[in-house]
Amino acid sequence: MVKVILNGCSGKMGSVISNLAETKFPNVEIVAGIDNNTKAQRPYPIFAKPEDCNVSYDVLLDFSRADALKSLVEFSKKTKKPLILCSTGYTAEDLKFIEESSKEIPLFRSANMSIGINLVNNLLKKVAPVLYENFDIELVERHHNQKVDAPSGTALLLAHTIQDSLKEETKLLYGREGIAKREKNEICVNTVRGGGIIGDHEVIFAGDGEVIEINHKAISRDVFAIGALKACEYMADKTKAGKYSMDDVLQLNF
């Protein structure tokens with residue numbers, strides 16, 4: 001049995017993860033939660049801070065906000081247990097901190113836990129270099145009106161994957177305004193926030209005579225929870241410090 005402490009247990013994703021762990025993952029048990037809201041109805045104890053947790057566990061799973069990062073890393077270092085980061089909105093300084101921390105603990109990070117998005121991300125590694133010469137590349141990401149970070153972590157993941165796959169130097173733009181002709185080396189990430197959109201990501205390869213679109217639409221938060229719980233199963237026995245991702249969980253390398 002994989003014993004998990006869930007940071008952000010009282011939020012929307014925390015609720016979905018708790019339910020799926022109970023109904024579809026018989027080998028995973030949420031043994032405790034961490035959240036500012038300690039009054040949520042959960043079948044496990046909820047603590048306000050990581051350092052308050054006194055429960056034995058195998059994996060610490062974070063699905064909250066970027067500002068929880070340092071306290072979670074310190075707790076994982078103290079307990080010598082793997083940490084899974086599923087939050088987004090990290091700053092450049094945060095990412096550097098994550099990189100350094102992975103030298104001390106087994107640290108998993110993914111901007112999107114969906115199996116589909118990770119397949120799309122790997123597909124882009126092959127597609128972008130083939131199409132770049134004759135196609136302009138644009139991205140559109142759409143999310144609900146409560147999402148606080150923009151562009152989404154997933155959009156940045158896809159954009160950086162495209163950049164890294166190309167021999168040519170490109171530059172990222174975030175939205176467009178004013179009067180200016182599009183430059184060939186631009187990759188623009190456009191953001192939409194509205195309603196209850198769970199998460200849509202669209203990569204557009206626009207040529208003179210044809211347009212290729214690669215789309216992913218999340219129609220249920222279950223897809224993120226399933227990926228997170230699979231990551232918990234994968235990371236439970238990891239003792240070696242290092243960086244891990246959904247590519248490791250899904251064994252993607254094509």
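Each residue, glycine too, has its Cβ placed from N, Cα and C.
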Considering the NAD(+) binding residues Gly8, Cys9, Ser10, Gly11, Lys12, Met13, Cys86, Ser87, Thr88, Ser110, Ala111, Asn112, Met113 given in Swiss-Prot, which of Asp35, Asp67, Asp94 is annotated for that site as well?
Asp35
Identify which of the binding-site residues Gly8, Gly153 has its Cβ surrounded by the largest number of other Cβ atoms within 10 Å, counting every protein chain shown.
Gly8
Minimum Cβ neighbour count within 10 Å among the binding-site residues Ser10, Ser110, Asn112, Thr154: which residue?
Ser10
At the level of the C-alpha atoms, what whole-angstrom distance separates Ser10 (NAD(+) binding site) and Gly153 ((S)-2,3,4,5-tetrahydrodipicolinate binding site)?
22
Around His143 (active site, proton donor/acceptor), how many other C-beta atoms are within 10 angstroms of its C-beta?
25
So which other residues, same chain and not among His144, Gly153, Thr154, have a Cβ within 8 Å of the centroid of the Cβ atoms at the (S)-2,3,4,5-tetrahydrodipicolinate site?
Thr88, Ala111, Asn112, Glu141, His143, Lys147, Asp149, Ser152, Ala155, Gly199
Sort Lys12 (NAD(+) binding site) into helix, strand or coil using the DSSP assignment.
helix
